């Protein structure tokens, strides 16, 4: 079903190109592993199991990792009301609503398609945001579901996960595997090298797509709600408050940066932007400012 979120051709093209390039990388990677390990059955079984688990259970994995739980309307009526209203406005299925008992203010969406999606917010976010700001954040997350970029990021991340697991396996095999002949050690070293290269390339491709999809979600949310200034206020508030959360608490969330409304850790300037999951706060606010002008949105009180 086509939602009322404005389609983004540039996002669609970028997702297609990213998946195509990752597909080529994936085919080459599997071929290299089969040639090196001389066991195509083992390689195919491992790849299929990891891919299946990541694709079909991505929502449960993310909720478990971030201590999220599905909540009913009776427990969070206002949250359900906002999601109901936005889903109706966007003409899309209502996702499952979840809450994570975390002080870090944030939100994320996960799931393999719009009919099997979850939107999760932290209690820290619910305590900090005004209703209009929360609506903007949830519209941002729903747009990820409608544009299907959540599923694309999940699938795209699969190659990096496989490569990372193989690097670790090869490393510990060398470390604790006892005496090995030179041929075995050489094969393990090559497997580690190939896997590390694949991980690095897939990492950069996914990060580039992730940064653009965040801008696309901001744009879609602002146009759906008609209140880009509320989303801008939420971005500013959440980014500032995250900076005050203890670092040890943020490290738990860092692995899921690509799925969050704002990253647990910001990127360093310069080359750091190529490794970032999100565009800078300035980029996001500039875009929302332009949309606000285009829509003729009235300035907030005290900002005229």
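FYI, residue positions are counted from 1 along the chain as it appears here.
The backbone N, Cα and C atoms fix where each Cβ goes, and this holds for glycine too.
Remember, predicted model here, so these are calculated numbers, not experimental data.
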Same-site residue for Zn(2+) (record: Swiss-Prot; known: 140, 144; options: 214, 282, 294): 214
Given ranges 109-129, 151-171, 235-255, the stretch to which Swiss-Prot attaches the annotation transmembrane segment: 151-171
Extra residues within 8 Å (Cβ to Cβ centroid of 140, 144, 214), Zn(2+): 109, 141, 143, 149, 213, 216, 217, 218, 220, 221, 261
Nonlocal neighbours by CB distance (under 8 Å) for residue 214 (Zn(2+) binding site), same chain, sequence gap 6 or more: 277, 278, 279, 284
For the binding-site residues 140, 144, the one whose C-beta sees the most other C-beta atoms within 10 angstroms: 144
CB contacts for residue 141 (active site) [other CB atoms within 10 A, all chains]: 27
